[in-house]
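S.K.: Here you go, one structure.
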Amino acid sequence: MNYLPQQDPQVFATIEQERKRQHAKIELIASENFVSRAVMEAQGSVMTNKYAEGYPGRRYYGGCEYVDVVEDLARERAKQLFGAEHANVQPHSGAQANMAVYFTVLKPGDTVLGMNLSHGGHLTHGSPVNFSGVQYNFVEYGVDPETHVIDYDDVREKARLHRPKLIVAGASAYPRVIDFAKFREIADEVGAYLMVDMAHIAGLVAAGLHPNPVPYAHFVTTTTHKTLRGPRGGMILCQEQFAKQIDKSIFPGIQGGPLMHVIAAKAVALGEALQDDFKVYAKRIIDNAQRLAAALQKEGFTLVSGGTDNHLLLVDLRPQQLTGKTAEKVLDEVGITVNKNTIPYDPESPFVTSGIRIGTAAVTTRGFGLEEMDEIASLIGLVLKNIDNEQALEEARQRVVALTEKFPLYQD
């Protein structure tokens, strides 16, 4: 940074502190990742200066010839990556992508089937504190109480009973493969639209390591960060028959001017995801997650559903008589960042929780491999079994430093 230190030393110092935090800590939050320098350069470019209401070739402002090029690049790369007929890359977030789909096919009060938040769903899948739960009549489905895998018979039964206009598949804390073909079969049976929110698994889908929802869903929404390793933002993929409606729902429906610097960064990230080395990266994410799952089980921890098929795992801390809130705090104190998370049928509130959610996308980007997963599991075991033992916690801090120093992040 050449100008910020002199122009605004307070902001510069805070950014520098955050850079040091990211370098010094082991990042295990499943929704986070580290973007490339190229993505950051695009997001910090002169594209941030340009207003571009509308779509390429149909703008409400002049001077859009170059932002048109970059948005077309992003759209075409998204379509190529996921095999979609249409892509809208303007949503500012995954939540707004979901909102646009709802506005396209629903009216206030319509019935929607969505996954229970405490079973792994998302706020925008019908939580009563979210616009989705306020505007629409969401009926919840969940996971089997024994296996903690989606109960497709329950989904079918509720679909038949409530006849939803839309079924929402996808999750924010579900460690197993989702059967999109089964969801489409159920949707067709009751005459519902199917929307898949693949925000967490988009990078794995792009690499061919998780079933692709695009052939099955009428609409697919996603974020562009998480496993896709792009800038924070959203995206919608849909069939061509819905393209005009979706585009209209985004602009002028719920957004004004698109963030062209973010769209430029999305284009870069989507280009990266089309490369062969991204497939290698995505495979390593899953390998690391499964190795970490096995190592945590050896440490005596209980995993929701018994393991993982993707990038994340949920640890049930009730056998350790710990809450997610306590675990998150003590792990952060030694340099391991996780988030407290509800588990299926959780007796605790969302502010306390009985579990933690762990993901491997960020540490895999950093270069961590299977041996490092064993060390992370050992560290988590050491800390959570000795939360009041300062000597053990200090040992963990030193081991975290040793590990992070081996894999420098944004140091040049």
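The backbone N, Cα and C atoms fix where each Cβ goes, glycine too.
Okay, so Swiss-Prot annotates it like this:
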- Leu117, Gly121, His122, Leu123, Ser349, Pro350, Phe351: (6S)-5,6,7,8-tetrahydrofolate binding site (BINDING)
- His225: site 'Plays an important role in substrate specificity' (SITE)
- Lys226: N6-(pyridoxal phosphate)lysine (MOD_RES)
S.K.: Just jot down the residues in the same chain as Leu123 ((6S)-5,6,7,8-tetrahydrofolate binding site), at least 6 apart in sequence, with C-beta under 8 A of its C-beta; none if empty.
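M.R.: Residues satisfying the criterion: Ala95, Leu117, Val129, Asn130, Ser132.
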S.K.: How many angstrom lie between the most widely spaced Cα atoms of the (6S)-5,6,7,8-tetrahydrofolate binders Leu117, Gly121, His122, Leu123, Ser349, Pro350, Phe351?
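M.R.: Largest pairwise Cα separation, rounded: 16 Å.
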S.K.: Can you tell me the CA-to-CA distance separating Phe351 ((6S)-5,6,7,8-tetrahydrofolate binding site) and Lys226 (N6-(pyridoxal phosphate)lysine), as a whole number of Å?
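M.R.: So the alpha carbons of Phe351 ((6S)-5,6,7,8-tetrahydrofolate binding site) and Lys226 (N6-(pyridoxal phosphate)lysine) sit roughly 23 Å from each other.
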S.K.: Just how many other Cβ atoms lie inside 10 Å of the Cβ on Phe351 ((6S)-5,6,7,8-tetrahydrofolate binding site)?
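M.R.: I count 10 other Cβ atoms within 10 Å of it.
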S.K.: Using CB atoms and a 10 A radius, I'd like the single residue among the binding-site residues Gly121, Pro350 with the highest neighbour count.
M.R.: Gly121
S.K.: If you measure Lys226 (N6-(pyridoxal phosphate)lysine) to Pro350 ((6S)-5,6,7,8-tetrahydrofolate binding site) at Cα, how many Å is it?
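M.R.: For Lys226 (N6-(pyridoxal phosphate)lysine) versus Pro350 ((6S)-5,6,7,8-tetrahydrofolate binding site), the Cα atoms are 22 Å apart.
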S.K.: What whole-number Å value do you get for the CA-CA distance of Ser349 ((6S)-5,6,7,8-tetrahydrofolate binding site) and His225 (site 'Plays an important role in substrate specificity')?
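M.R.: Computed Cα spacing between Ser349 ((6S)-5,6,7,8-tetrahydrofolate binding site) and His225 (site 'Plays an important role in substrate specificity') is 28 Å.
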S.K.: Which chain-mates of His225 (site 'Plays an important role in substrate specificity') that are at least 6 residues away have a CB under 8 A from its CB, listed by sequence?
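M.R.: Those within reach of His225 (site 'Plays an important role in substrate specificity'), by Cβ under 8 Å and sequence separation of 6 or more, are Ser31, Glu32, Asn33, Val35, Pro231, Arg232, Gly233.
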S.K.: For Ser349 ((6S)-5,6,7,8-tetrahydrofolate binding site), list the number of other Cβ atoms lying within 10 Å of its Cβ atom.
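M.R.: 12, counting other Cβ atoms within 10 Å of Ser349 ((6S)-5,6,7,8-tetrahydrofolate binding site).
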S.K.: By Cβ count within 10 Å, point out the most packed of the recorded positions listed: His122, Lys226.
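M.R.: Comparing the recorded positions His122, Lys226, the most crowded Cβ belongs to Lys226.
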S.K.: Within 10 Å of the Cβ of Leu117 ((6S)-5,6,7,8-tetrahydrofolate binding site), how many other Cβ atoms can be counted across all chains shown?
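M.R.: Around the Cβ of Leu117 ((6S)-5,6,7,8-tetrahydrofolate binding site), 24 other Cβ atoms lie within 10 Å.
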